[in-house]
Amino acid sequence: MDAEAGVAGADQLPRRQYYMNLLLLAYQSFGVVYGDLSTSPLYVYKSTFSGKLNQYQDEETVFGVLSLIFWTFTLIPLLKYVTIVLSADDNGEGGPFALYSLLCRHTKLSLLPNQQAADEELSSYYRNGFAPSNGSSPWLRRFLEKHKKMRVVLLLIVLCGASMVIGDGVLTPAISVLSSMSGLQVRATGLKHSSVVLLSCIVLVGLFALQHRGTQKVAFVFAPIVIIWLLSIGGIGLYNILHWNPNIYQALSPYYMVKFFRKTGKDGWIALGGILLSMTGSEAMFADLGHFTSASVRVAFITVIYPCLILQYMGHAAFLSKNTFHMPTGFYDTIPEPVFWPVFVVATLAAVVGSQAVISATFSIVKQCHALGCFPRVKVVHTSRWIYGQIYIPEINWILMVLCVAVTIAFRDTTLIGNAYGIACMTVMFVTTFLMALIIIFVWQRNIIFALVFLVFFGSIEAVYLSSSLMKVTQGGWVPLVLAFIFMSVMYIWHYGLRRKYQFDLQNKVSMRSILSLGPSLGIVRVPGIGLIYTELVTGVPSIFSHFVTNLPAFHEVLVFLCVKSVPVPYVSPDERYLVGRIGPKEYRMYRCIVRYGYKDVQRDDDNFENMLVMNIAKFIMMEAEDASSSASYDVSNEGRMAVITTTDASGSPLAMRDFDGLADSMTMRSSKSETLRSLQSSYEQESPSVSRRRRVRFEVPEEDGMGRQVKEELMALVEAKHAGVAYIMGHSYIKARRSSSFLKKFAIDVGYSFLRKNCRGPSVTLHIPHISLIEVGMIYYV
């Protein structure tokens, strides 16, 4: 009995901890995910009645608008996102690129160049229960996989959605902060609009300046603000319902939508551009999943967000139904005078939080684009040591700030910004609906009829709203279209340039026959040390290797062709990260190592990387020796075989690793570095705190009777090479289009890609390669 009680108590403890974590994440999600959605009441009714609908100032029109808001908010945020789309997360990640990566793994739709069959063996590659042979609609799968143009179109659709999310990051702060600050003019009637715009810009600059503090810290500060805001507007809404029009609940009937369109006609259809603002911020629920969990986001929405916002919209409509002359002035007129200033302060703070939701989503989207080869190299700062996925990107942050302030100063009106905002939000939603239909077919493996029902039902609703928004392109709606075109161009040109470079490397690989003809010395002097040659190829020897051999008088005794690549999964387990293989016969001392990261993985400046690499190669040598077939003579057909090396199991390592202090031991080791270079390295390490704090270790080959002579010699050579020093060798490539190329290709490669490559961070920076150990050799690619 005591044992059973102990087990029950142990079960209750993890369960209690789970619910505590769930509530904590739900609490934090208010400050990051829901800020945008919860501040929509600031501008929904004002934007809706700003056009020709202002001519219909009667109770029936107000009831129709409320009915549209209620059913729109119920069908899209609640039914589509909370009930369905949140279930399509990619191992906890959301957003257009998360859906795209799911599709690429379960179908052959990816355009990522360096994928291999071994990637499909990752534990997180396929969704639980997925069976490739049981897929529905095989004819559709074959059609999409066969035609490359269809895969390019799919990528462009995803890039369009990602670009619109970035556009949201510009427009959301502008409309939220400007709407909240405009409340000053309700009480301070002498305040000029230019002063409101100036105050809004100051608040915006302060918001973006706070981003480097991290999402977690911002969420803990902002979450109570949003909760107070929601309870305040929910209470004000309930007060307005009881005070002005208790019969407003009748407007929840869809009958009033029909009456609304019968009465207003085309004017009512154009007014949908304002009504759709009630669901803006829904995409942040999905895009910000990397910061939280789907369960926590659902709990927060169903228990607090939905009831409070519905009460507010009903209360606002009840006020307008009896005060139709207040229609153009917006939210602040509905606040009872005694609580105006407290609510104004909370509204201003909540508007700042609303901006935070989309800024966080923008950082997540850019990180995913960058990892999957669709965005230039940028600095990604992980702001939380404990929670994965919470990031800050300085370049994107300041670009968003400049564009946001520019939009605020240029438009100076929430109606015009709302027109732009509506187009951006509806485009992202439409892209998500399209991708979800494909997810239902290829990932969930449901009948195509379910996908068509989902696409037609939600797609038709969103198409109606999008068509209404597009009518306002000349009234500010052009802004997201221009921003999306610019960001799409940047992303596609970068992706196109990377693919062309990879194809050049693939077509110009150095043949193994030519390498074997050079002999174990490769025709040059082999000096002590390990040379890490970075390449994008996962098989074969890149053409730039022959360039190295031609330009460098000597080469390292041990050569490792290192490929650091991203795979279309959020995270790769450390035990599945390293693939190790051999290039050529054993006496050549040439290896291949592939390091795999997910699109949300942290590529830190890891001081243990070199040691981990040596340990993994040593494990591979032992695994190869245990395989009886590998003891035979070298066979070219075995070239390209790779083994997954487990990193967490230290018991199987053939090397002993111990710490040592100071540089005295290292200076006495056999080294290829001159005294001058050693002194320079010593000075560099003293000036660089991150380098000087690195763990210093020494490897030893244990005396074991069961270890073969050849294996021991190879391990000794590896250890001596590591002690002699590690050099990082990279190609400084220049990509140019061939003379016979079309004008469009020449412009994309020679102008677009060249400009992006020169103005983004270098690969050595993003890979955290120490400059003192870096060797670069220039090479021109004609693609």
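Yeah, the Cβs are placed from backbone N, Cα and C, and that goes for glycine too.
Remember, it's a predicted structure, so these values are computed and weren't measured experimentally.
Here is what TrEMBL says about this protein:
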DOMAIN    25-516  domain 'K+ potassium transporter integral membrane'
DOMAIN    528-781  domain 'K+ potassium transporter C-terminal'
TRANSMEM  22-43  transmembrane segment
TRANSMEM  63-82  transmembrane segment
TRANSMEM  152-171  transmembrane segment
TRANSMEM  191-211  transmembrane segment
TRANSMEM  218-242  transmembrane segment
TRANSMEM  268-287  transmembrane segment
TRANSMEM  299-319  transmembrane segment
TRANSMEM  339-366  transmembrane segment
TRANSMEM  387-411  transmembrane segment
TRANSMEM  417-441  transmembrane segment
TRANSMEM  448-466  transmembrane segment
TRANSMEM  478-494  transmembrane segment
Under 8 Å Cβ-Cβ from the transmembrane segment (22-43), and at least six residues away from its ends along the same chain, one finds 77, 172, 175-176, 179-180, 215-216, 218-227, 229-230, 233, 277-282, 284-285, 288, 291-293, 295-297, 299-301, 304-305, 308-309, 312-313, 316, 330-331, 347, 350-358, 360, 414, 418
Is the transmembrane segment (218-242) in contact with the transmembrane segment (339-366), using three or more Cβ pairs under 8 angstroms as the rule and ignoring pairs under 6 apart in sequence? yes
Per the definition of 3+ C-beta pairs under 8 A with sequence separation of 6 or more, do the transmembrane segment (299-319) and the transmembrane segment (448-466) touch? no
Same-chain residues at least 6 beyond the ends of the transmembrane segment (152-171) with CB under 8 Å of its CB atoms are 95-97, 99-100, 103, 109, 111, 144, 280, 283, 287, 358-359, 361-362, 365-366, 368-369, 374, 396, 400, 403-404, 407, 417, 420-421, 424-425, 427-428, 431-432, 434-435, 479-480, 483-485, 487-488, 491-492, 495
Taking pairs 6 or more apart in sequence, does the count of Cβ pairs under 8 Å between the transmembrane segment (417-441) and the transmembrane segment (268-287) hit 3 or more? yes
Stretch contact, the transmembrane segment (63-82) with the transmembrane segment (387-411), Cβ-Cβ under 8 Å, 3+ pairs: no
